[in-house]
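Visitor: Provided herewith is a single structure, encoded as C-alpha cells, for subsequent inquiry.
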C-alpha cells in the first residue's frame, strides 16, 4: 500500500489497476474497471511552476512530457499518445541530453504552467469573488440568533474586495439593495410565482436610466452598467455596515403559521432569483450562492412537501412507488437550476441544519461549518476549472463520476458506453478546491491478444490530465499530470495484475459506481451487483482447488477487498433504510468528491481502542472489540462516536475522574475527546459527535457499524460481553459463502 500512497503524493492519483489488463476481454474479466481517482489541484510538495506556455502536439494537443521520445540532433519530439513527430520551437534550440527543459525531467510527471506575462510582471489584479447570501427567515428564534451571530463573525473573513449580495425569504422573497445606505431598501417578490431573468431586471429597475439593449444581457460588458450592478453586489468594505444592520434587524417571517401547518417557505423562488441575478450581473465569475435553510420548501416550483403537517415528507419508499406528488415537478425545477448555474459557472452551497439533533457542543455547528468553508474559500478556492483528458489510442474514456459537468467535446477517445458525465473528453468544474477528487473510468478497446515480441517493446498505456484553473494568487494556471502504466495480457498476466492492485482505490471506485447506478437505474439491485462482482473477482484471482472451499486463499494484495465490499453492502450508500432521500443524496455527494483516504473511512469506519493496559491502538470493527474497561472511538466520517464500556461509564458517573488520586482515569477519559477534536477541526463538513455508554440508547451509532459476530441468537460465550440485535450475517458467514461460490 505504501507505493500507492507515494504515487498519490507525487501526482494526486490512485488507480485500482496499476498494471493494466491489455485487452478488452481481459479488462472485463477483471470486474473492477480501469479507472483513476484524481485530485486536480491537490497541493503537491515538489511541484514545479514553469514561467512559459506549454508545448503541445500539433495533432492531439497533448502537452510535452517525460514520456515523449526526443531526437536531440533533429530537434524533434514524438508524442507518446498519437506518435506525431513535432518540431521544437526556436526557444528550445539549446536542448540536449545534459540540458533538458523541466517538462522532460523523468520525475516531473506533474507540472504547472503560468503565462510568462504573469510571472515576469506583477500578477494581474485578482477578479473579485462573489458571495450571494440567501437566508431563510422561517427559523425559530433560537436558531435565528445563532445563525445571525455566525454570519456576522464569518463576514469578517471575506476578502475586502469580494462582492456581497443579500436575499432573505420566507413567504416572500426580499432582495436587499445594499448600495442604498441611507435607508433599508428591498425588492419583494411573491414566493409562489416564477420570475424570469428579464422580469427580474425590469422589476429591479436595471434599465431605468438607459434603454434595455437587444440580445443576451450578461454583466457590465453586455448591457448592464456597473452602477446598476453595484446596487445589489457591493465590495465587502463598502457594504459591511448595511449588511450587519440588516442582519441585526432580521426577524422571523411575520406571516402567521397555523398549528397544523408548516411554514410557507419559498426556497426555490429565492434560489432562482439569486441565480438569475448573478447570471445577469457576473456571469462566468467565481460566484457562490450560500443558502442557509431551516426546513423543507413548501412554496413555489421546487416545493417538496405540502404545508399540511398531516402529510409527511417523501421517503425512499414513496419515491420507489411514485407516490410523492410534488417529486417530479421539483426534480424538473432543480435540474433546470443546476444547468443554469453550470452554464453561468456558479456554485450553490446549501447549509441545512437541525440544531435540536446535535449533541451539546453542536449549538455552534452553524458557525463552525460556515467558518470552515470560508477558510477553504480564502485559501484554496478556485472559482472555475476546466478538466481535459488525453490517453493512448487503445484506451477510451467512459466518463467521470464526480463534481463536474460535460463540455460535450466529443472525439475518438469517447467510449460508446457512458458512465457518469461521459461522451466528452473535457469537463467544467464550477467550484474547485484542494480536496475535490474525480473518478475517471476508462475502457480498454484493444481486442486481439498481442504476441510476446510486440508486448515487450510497446507495453505502456499513457494518460494525461489537464486542469485549467485560477490560482488564489490571481494567476491562470495549467496543471499537467502525465502517467504511464504497463499493460499485460495472456496466460501469465494474473500475477502482474494482482501485484499492481490497489484495494482501497478499487473499493472507492465500486462505491461510486454503485451509488451512481442506484441514482440512475430504476430496477437496480445493488447487493446482487456487488456480490456478483466480488464472486467473479475472487474466482479469477483467488488460489483454490475446484469445489474445495477450504483450499481458497487470496493474495495479500486482495485480502482486504472482500471486507471493504462487506462493509459497503451495509453502508448508508447502499442501505437507505432509516435515512431520508435528502440524507442519502448528501452522503453520496460527499463520497463523489472526496479522496481515497476519506472515502475508505466512509465505507469502512476506523475504530481506536483506549484502555489502561495500552495506549491508543486500532481495534477490529467487530462487536468483540467492546469491553467493559475500554473506551472506543469510531470514525465513520459523517459521525464520530466515543463509546464508554460499562465499567468506565460507572466510574465516570461516580466522579472518579474528578479525584486527584485518579488522574490516570481522567487522562483516559480525555484522550478520545482530544483525538476526536483534532479530527473534527480538519474535516468539512463537520462530523456529528456522539458520546455514549455501553447499553445506552446512543450506543446504536457504534453497534450499527460493527461486524455482528455475536447476535441475539448466537451460541456459546460472548467474546466482548455484548450482542447486536440483528439478523444480518457476520463477516465470517459472508466470507464462508463467498468461498463456496468462488470455487464452483
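Just so you know, glycine gets a Cβ as well, placed from its N, Cα and C.
Copying in the features that TrEMBL gives for the protein in this structure:
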DOMAIN    54-92  domain 'Zinc finger Sec23/Sec24-type'
DOMAIN    127-358  domain 'Sec23/Sec24 trunk'
DOMAIN    386-488  domain 'Sec23/Sec24 beta-sandwich'
DOMAIN    502-600  domain 'Sec23/Sec24 helical'
DOMAIN    615-702  domain 'Gelsolin-like'
Visitor: State, in range form, which of 54-92, 502-600, 615-702 has the highest count of Cβ pairs under 8 Å to the domain 'Sec23/Sec24 trunk' (127-358).
Guide: 502-600
Visitor: How about long-range neighbours of the domain 'Zinc finger Sec23/Sec24-type' (54-92): same chain, 6 or more residues beyond its ends, C-beta under 8 Å?
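Guide: Contacts with the domain 'Zinc finger Sec23/Sec24-type' (54-92): 101, 103-109, 113, 390-393, 460, 462, 464, 466, 478, 480, 482, 484.
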Visitor: Along the domain 'Gelsolin-like' (615-702), what average pLDDT does this model show?
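Guide: 94, rounded to a whole number.
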